[in-house]
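Taken from TrEMBL as is:
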type	residues	note
DOMAIN	8-280	domain 'E3 UFM1-protein ligase 1-like N-terminal'
REGION	394-470	region 'Disordered'
COMPBIAS	394-408	compositional bias 'Basic and acidic residues'
COMPBIAS	460-470	compositional bias 'Basic and acidic residues'
DOMAIN	530-645	domain 'E3 UFM1-protein ligase 1-like'
DOMAIN	663-738	domain 'E3 UFM1-protein ligase-like C-terminal'
Amino acid sequence: TQMTTWADIQRLATDLQRVQLANAAQKLSEANCIEVVTRLIESRAIDVVYTRDGSAYITRSHLCTMIVNEVSASGGRLGIEAISANLNVHFEHVESMIPRINEEHGEYLYTNGELISREYVNQLHSQLRSLLFDCGLRTISSLARHWDLASETLLQLLTPLPQDLGAVLDGDQIYTHSYMAAHKSRVRALFAATTKMTLLSTLITRSNLPAPRFNSLVDELIAEKEVSGRFSGSRNSPSALYIPSLHDRLVEAYVKNQIQQKECIEMAMFRKLSLGDAKMALVQLLGGADKMKDLHILSTLVCTETAMERVKTVINDELGSKGFSDVSTVQTEVEIPFGVEDIQMIMKEMAKKDKKLTVEGEVIFSSSMISNALKEMKESERLSGKAREWVEKKLEKRGKEKKEEKESTPTPQGKKGAAAVAAVDDDDDWDDKKKGKGKKGGRGGGEKAATKTKVATTTQKDKEREEERASLPHISVEEMEDWLQNIPEQLRSIVAEKIHYEVDSTLASLAHQTLASREAEALQSTKKAHVQMREKAVTLYQRIKVFEEATHSDLFEISLKSDLRAHLLRSLCTDLSNELLSFVSSSPVGATLTSKQRDDTISSLPSTSKNAFTALVNSLREEPFDAFHEALQTVCSRSICDLPLNSIDKDTRDSISSSYSSLLKEEAKSGSPAATLLSLILLQFTKQGVAVHASGKFVSQLLPCLKGKIDETSFDSMVDTQRLVIESMRKKGAELEEINQSLTINIGGLRDKYLQ
């Protein structure tokens, strides 16, 4: 489509005017005219833009011309907003025409809301040339203020600088070549006038140049060999130094003089003289690595071989006289100012060559001193005693904890010697010593410490072992120092520190071994107590079985049989029950438990044991005897007492009867008249093959059963003796003496007959 020109628009306006001036029948209204133009624009028949007030139309090419004219009239630089206001055209129309202006009218720059022409830039270059001619240096910030431009805009306009300007743009500054040549000469003069080490930052400050420009000038001078000195460190570092050649020559002379006269030079001097690494500096100053053969580089100084040998001589003399040497002594003996680290290095070198020497801190000494001290400590009786002391405290603590645990639950209390059966012998009981029942009494107090509760889980034991390992004894370094009296006082703390770990480990090992030994002894004692208890229980149970069989003899009436079985339950069976209860509960009372003690002890047992012992105690109160056997087997099972009871055979039965007969004879020989009579009566039953367990109150019932079994004279004598025994309990004074004489005669006769 052909672009509409301004002439076309003028012709169209003329046509519209002619129409407007025509007769009313052919005339268009203003609204119709606007509608016609709008449709022409929409159909792209014409290309125009509205003015701000909408009263006129302008073609885009004419708008470009008008914008260029406005910029030129303003000196080549004008803001877009000002152009929009001057031309009465919307801002976006003006801004959209900038690319077209560049195409049709040459290069224009649109930046920061302003339209700038090439002519304006040329004017800036011309003005800059004049300004640089006056001063030689201008900053972008000052020029921006001078020309009322943003710094970024100014840089964009000036870059690149024309070659005929004879200037350089360096960061924020613009300077001429002649200006830099003058400063280069000044920097050359600064280096030439410097005769000692100087901070490079000081020289930069004196040059009044930025660091980058100063460094660039220095690079040029170095390339031209105008700088005779050297630089120490990075030139960008604040601590960088310039070291003139004259300074290096003086330093070389100083270092050589120090080594020759004083046989050393301190490391601090190398840093002070900015020589860097001592070894590299010495190689450079002395003229080669071969010159370093007789020098030793230590921590704080460099010394000669002669000085090193003097130090070693002092150390060897000290080792020979005292067995050790320390740093302070060496420093005192040697005039050269060796530091602590230097002498330590020498000592370590000596110890490296001689394996018999040891260095610890500031001291060197013979290694044998450590090994001897360690051996002495390990073999020390005090160490063993400390281990034993810990074990004793450990066991004591366990005992207290166990006691506290027992005290938290009902425990047996009462007096020894109280009756162990529900029904005790009454006034008719003649057996004042209660012998002939096979009782051996409860376990002594000494067995208590050796007896341990057998019911303990593996988890509890493992936990106890872990606690014991964690609480093993330890020995402090200070305590070891008190023991090391054979070591020089200056070395005690060092030697103690050196051997502390091994000694402490040895102590822990000794304590662990001692504790294990004591535990093994206790375990062995427990096993022994278990074996003894089993033998005791089996023996007592077998006697009970023999005595129970006797209660079924045809020699006795039914009522007497029942009474004998009841007495057996209240005596030997109760004793066995109490012994088993004492064994399970680790109570030392044994067979002498009172009823209250027994009940309290049973209530403190675990449920299984508690039920078993409750059944056993209940079986002691009444027949049948089978209930006792059944309850006893439950108590002696593996889950409770772990005391299997062997069945009785004929040989065992005969052995028990024989030993019972012997016991009765012994009691008959030395007992009181009442006890002797009872023993002789029971002895006659054993001869009949019936081992009877009875007390004195059964004499009146047992004696008639012997009638016809022994000779009549002996029977009558026993009857008469029984009468006298009863009368002796009731008579006093002269009558009692007469009765006792008769008893003595009768008992003597019976003894002569049955015990000879």
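Just so it is clear, glycine is given a Cβ too, placed from its N, Cα and C backbone atoms.
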Q) What does DSSP give as the helix, strand and coil breakdown of the domain 'E3 UFM1-protein ligase 1-like' (530-645)? A) 85 helix, 0 strand, 31 coil
Q: Just give the helix, strand and coil counts over the domain 'E3 UFM1-protein ligase-like C-terminal' (663-738), going by DSSP.
A: 59 helix, 2 strand, 15 coil
(Q) I'd like to know the mean pLDDT over the domain 'E3 UFM1-protein ligase 1-like' (530-645). (A) 83
